[in-house]
Structures are given as structure tokens and as C-alpha cells.
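Peer 1: The structure follows.
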Amino acid sequence: MPSQNYDLPQKKQEKMTKFQEAVTFKDVAVVFSREELRLLDLTQRKLYRDVMVENFKNLVAVGHLPFQPDMVSQLEAEEKLWMMETETQRSSKHQNKMETLQKFALKYLSNQELSCWQIWKQVASELTRCLQGKSSQLLQGDSIQVSENENNIMNPKGDSSIYIENQEFPFWRTQHSCGNTYLSESQIQSRGKQIDVKNNLQIHEDFMKKSPFHEHIKTDTEPKPCKGNEYGKIISDGSNQKLPLGEKPHPCGECGRGFSYSPRLPLHPNVHTGEKCFSQSSHLRTHQRIHPGEKLNRCHESGDCFNKSSFHSYQSNHTGEKSYRCDSCGKGFSSSTGLIIHYRTHTGEKPYKCEECGKCFSQSSNFQCHQRVHTEEKPYKCEECGKGFGWSVNLRVHQRVHRGEKPYKCEECGKGFTQAAHFHIHQRVHTGEKPYKCDVCGKGFSHNSPLICHRRVHTGEKPYKCEACGKGFTRNTDLHIHFRVHTGEKPYKCKECGKGFSQASNLQVHQNVHTGEKRFKCETCGKGFSQSSKLQTHQRVHTGEKPYRCDVCGKDFSYSSNLKLHQVIHTGEKPYKCEECGKGFSWRSNLHAHQRVHSGEKPYKCEQCDKSFSQAIDFRVHQRVHTGEKPYKCGVCGKGFSQSSGLQSHQRVHTGEKPYKCDVCGKGFRYSSQFIYHQRGHTGEKPYKCEECGKGFGRSLNLRHHQRVHTGEKPHICEECGKAFSLPSNLRVHLGVHTREKLFKCEECGKGFSQSARLEAHQRVHTGEKPYKCDICDKDFRHRSRLTYHQKVHTGKKL
């Protein structure tokens, strides 16, 4: 096409110069990528759209760029669902649309007498009128396509076309008055160029924003005489010569992308750094409103600044306004977000699901917090002790421990708490509220976590395992406390004596030793205890409650410790060994008590008689000798006992139970001690030796009685005549002389006896029983004394 020169009037040149010097939409546009747009909330998107539309309207008002930018259309498309026409309705309008496009396309594109600026203004004016007028049938998304081979004007889908006979398009290959020839960079061939009218009739991006024609319009300030130029090149007026189409000699050092001319290259690194540049400071300030950091609204109460979306919610904190109400329960919320999350309580909706364990959550914040359980991420560290936390709020609460801060005070007892949740739970101690009930046994709890742990008592679940010994626990805290057995850690120190304890509760109990305080009193017997748990355990003595049952034999126990001790009988396990004698024990406490036998240590001394004991339980039982206390009463005869074991043994008198059987002779015994002594009669074992004469005895009591023969001690005095005896049995026999009382009567002959042993010996006369046999001649005797007398015949001792 031959080059042409166009002389424009002076006024038109001045107008064009002013138009070219004005800012373009690209200068004021704020461009976000799709990824950046997704990070904006609804309020920020609306603000972004308003800013873009305002800038766009300002440019339209001065007659520049009457086409809505892609970015604005994209935002509007995300917020509004366009009404879609049916295929029948759309096809009926294609012909009218094509006719309208044909009119102004042929009118201006075929006119070779117009300059490129005039063509631009005329086409823009027609397109603007089509946008504003209601007579136009053009819709969003339509386009004009000029075929590269046949010069057709087609709709976007290519299903309807209007052929332009032998039409040349000088607009695409126009030699402007400045002397530069402008060609499209990618799609210009010998005869035509595609034009798309997208998003409210926006001209194709290659022509509008990227073509050399568009670049020239922005930079050229004054029309110049046109010069001839070879096809496909762009030659400037001065020394700035641009390269042939397609060549990009300026590469980016970061990603290798090429640019056809160098002015574009300094702006490209902002893609990698995320930096955004603006031609005017006002544009930068406008853009900064998009970011959440911008504080546009100031609170008069606190002086804090907030963006528009957060300001209303923050003001509600001061006013207490809760304008969003739940239709189901009437609960109020200061923000719509809080109401939406609350609705899920009624609907049960939990849209956030953990891929690791499948657990669902109603709030994304709870879901994110839960995920740190799997990742074990604890990004918030305490500067005092180095402890890590998954959330900053937990760190702030923890820091109150170091500061000693307890902002939540109980008005009833004055106790302070670091957390509001702990304070609310504590208040139930005063109100007695126990809203969490066990489905199995009906037991109530003041908060949920003890109920969860309690249910494991019924299920037997022990999810927390010790890595050292494999022992299981129902609670994580119990595992931590148990682990101190292996590490020997005792973090709780007594300020009085410096003694260390592995548990805080043990320290509190120990401190009562120094204070002597026993706050918990038994209403039945008045006995005091330093711990409420010990009082509850003690009350089972009066109620007879035995909640702990052995699964093997069905025996019941009042205390869990007694059950555990009993279970060792079935397992036979004795893991604690004495290093001195090798004897095994089921419990460490029994081992410690046994070791005092070797060391001779007796730390428990009676202040009344100065008698010492190696075990605390023996000391407490002994004290009842002085106090006369006999708390264990027989329900049949009312007899009292100082020990529960004494009561249990006594009850066998009424029941006739003799659980201990001799394997040799089959004789039964009520007491284990009697059974042991009896067995020594068969074995001949006499472990207790007299140091004076070497005589042996099967019982320690008999040894003590014998030693009085050597010492001459006779502690048992008759109050009637003052006669003394070494044995209490001898005193009782003697008392029958004064009273002549014979309480024990023989049912066969009516003879009376002062002692039950005498009655039993007498009854053998009637039964013919002779239990004492001579080992040498097998002769039988009714009485032991007769056997002893007979044995002297064999030994040759004088009778």
C-alpha cells in the first residue's frame, strides 16, 4: 500500500497533543493476578472495583478509552451471575448485530482519507454510542473478526458471516503523518486483521494495548511528515529504531522472558518481587486502600483504626450491640460471621474435615488448630521457659503463670484463676452444678474432660502408654506423673524441709505434717483428715461400701490399693527384691518396710510407752492400746476390735468358717497364724531360740513367756490376793479359785470348767479321741502332757 501524508489543521493537532499527554487507563489501573484477587475479601473486592470504575469513568469523561477494562469486568462477573439467553433467542439477534457492526466497520475502515487518529476517534465514538444506546443489539462477549484470507466479518462462533467484497483495510497498515508505519505484531497477514469486541465491546487486546499503533499514540506528541517504510518494520523519527516483528532481544535475567524493546524490561522484575509501581502518588494512595493494613476508620473510644469491614464489628464491642439474632435460640451476635458459624451448632454442619483422622469441624480456626496435632507444630515459644504452643492465645495465657497474674477472681472464696474457662468450672464447686452425666452409672461431673476420663473406667480403655515400662493410663496427666518414676524428677519442693515430690497433691498433703491441719472431719466418728479423698475413703468403713471387685475371684474391696495388692495373689508377681536376703515383694512399700528388719530402723516411736515400730500401720494400731479405741464393731455380738483384721477373724467364730486347712492331718483353723503354728508341729520347726538355755519354740509369744522363767518376771498380778504370774493364762486359771466360777459346762455330763481348753480336753473322754501319738511306739494319748510323760520311757529320762 503506498504511503500517504495527511495534513491536519492546527487546532486538531493541539487537541491531539493534549489528548496524548493525558494519563492512560494503564497508568492508573491497579492490576492484580487471579491468585491475588482470591486473597481479597468481599469488602476489599468491592473497594477495588469502585476504584477501578471511578478511574475508568474519569477517562471516559475526558473522551479517552471508552471501553471497560477486563479487570473490572472480571470483578463484576465474580459478584453477579449474568442472565443467560437461550440458544434460540441468541440466534435470532445475530443478524441485527452483524448489520450494526458492518455499518460502522465499512464506514471507517474503508475510508483512506482519514488519519489513524481520526479513524481511532470515529470508531471509538460509534462504539460508545452503541454502548449507551438501546437500539444496538450488541451484547457482552460478541466480537468482530476480519478473516485473514477472505475479509469476512464474523461473530465469535463463526456460525454467521458477512463477506466484504475485495475490501482493503488501510487502517491496519497506515502510514501516519509522523512517518511511522504501524502493523499488528502477531496476526497481520497480507490482507486483514482480527478485531474482538469483548467484555462490553472492548477492542482486541493485541490492538488496544500491545500494538505499536497504541504505543505510538501514547508517546508521540506531535504529528510529523510521513516517510516511506518497508512492510513489517517500525521506523521512528529519530535514532530509536525498533526491530522486526517477533524479535525480542531483551531477556529477563530471572526467568529468561524476552522483550522487543528495552523500556518494558525495567518494569518486568516487579512480577518476581511482587512490587507494584505507579506513575502518580495519588494512584499509589488509592491502591493502598486495597490492603488490609489500611485503617480508614478511627474508634472514638479506644483510638484504634480499622478498615471499613472491621469497624462495625469493633464498635459493637463498645456498644454491646448484637444486631444478628439466631432464629432457633435467640442468641445475639455482633457480626454476621459469628451468626453463620453459630447456625452450624443447630444444623450439625461441619464442613472442615481432617484428611489425617477424618475428624470434622464447624469452624476453620478449630480445623487449623487441630491440624497442628498431626504436624506437632508449635510456632509460639515462651521466652521464659521455652515451652511451645500451637496458638498465640495459649502462649498469652501461659505467660500469666510466670507473671503470677490471675485476673479471674471468685467472689465466694477469693480464689484466682489465669483462665476464664477454669474460673467458670470452679464456680460449679459453689453451685453444685454437675451438667455432665455418665450414661452407664449416672455419675455427674462439673466439666466434660473428667467425664471422658471416667468413661474409660467402664470401657477399660487406657490410651496413654508409658514408653519405658508399657503401663497404660486413662489420662495424659497420669502418664506424665508416672514418667517421673523413671526419671526420678521431683519438681515440687517443700519450703519447710526441702523434701521433693513428683506430684503437687503429694506436696500439699506433706505440708499438713508441718501445719498439723486436718480440715476434713468425719461426721460419724469425728476423725480428721488432711485430704478430702482420704475422708471419702474412710467413710466406707462406716457405710461398708466396697466398690472395687476382683475379676478373678469376685472379692470386693473398699480401696483400689487393696484390690491391686490382692490381685498380686493371683498373678504371683513380686517384682521388688531385697538385696540383703533376696526376698521378693509385690509392692515397693512392703520392700521398704522389710529393709528396716535388716537395718533395725524403727522410726515410729510411741510417746506413751516409748515403744518403737518399723511400720506406720503397726504404730497406729499400737496407739489404740493406750486410747482404748476399738472402731471395728461386730454386728452380731457388738464386740469391738482395734483392727479390721481382728474383726474379720472374730466373725468366723459366728460363721464357723475355718478357711485354713492342714494338708497333713486335714485340721481346719480360723486364723492363718494358728495354721502356721500348727504346721510347725508336723515339721518340728522351732525358729525362736532362747539365748539363755537354747530351747526352741514354734511361736515368738511362747519364747517371750519362757524368757520370764530366766528373768523371774511375773507381770500378771491377782487383785484379790496379790499373787503374781508370768503368763496371763495362769492368772485366769487362778482367778477361778476366788470366784469358783466355771463358765464352761460339758453337755454330756454337766461338769463345769473354768477354761475352755480344759473343757475341750474333758470332751475327749466322751468322744474317745486321742490326737497325740508317740512316734516310736504309735501309742495314742488324749492329752499332750500324757504324751510328754510317756516319751521319757523311750529316752530313759527319769520320770
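Each Cβ is built from the backbone N, Cα and C atoms, and glycine gets one as well.
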Peer 1: Quick one: sort out which of 80-102, 172-194, 218-240, 632-654 is the zinc finger according to Swiss-Prot.
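Peer 2: Comparing 80-102, 172-194, 218-240, 632-654 with Swiss-Prot, zinc finger matches 632-654.
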Peer 1: If you look at how Swiss-Prot annotates this chain, which of 112-134, 250-272, 296-318 comes out as zinc finger?
Peer 2: 250-272
Peer 1: According to Swiss-Prot, zinc finger applies to one of these ranges: 25-47, 48-70, 324-346. Which one is it?
Peer 2: 324-346
Peer 1: DSSP helix, strand and coil counts for the zinc finger (660-682)?
Peer 2: 11 helix, 4 strand, 8 coil
Peer 1: Sequence-remote contacts (6 or more beyond its ends) of the zinc finger (604-626), Cβ cut-off under 8 Å?
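Peer 2: Contacts with the zinc finger (604-626): 593, 596-597, 642-643.
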Peer 1: Can you name the far-off residues of the same chain, 6+ from the ends of the zinc finger (436-458), with a Cβ under 8 Å from a Cβ of it?
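Peer 2: Hits for the zinc finger (436-458): 425, 428-429, 474-475.
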Peer 1: Apart from its near flanks, which chain residues at least 6 from the ends of the zinc finger (576-598) lie with a Cβ under 8 angstroms of it?
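Peer 2: That would be 565, 568, 614-615.
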Peer 1: Hey, which bits of the same chain come close to the zinc finger (660-682), Cβ under 8 Å, at least six residues off its ends?
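Peer 2: Those are 649, 652-653, 698-699, in sequence order.
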Peer 1: Provide the three-state DSSP residue tally for the zinc finger (744-766): helix first, then strand, then coil.
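Peer 2: Its residues fall into 11 helix, 4 strand, 8 coil.
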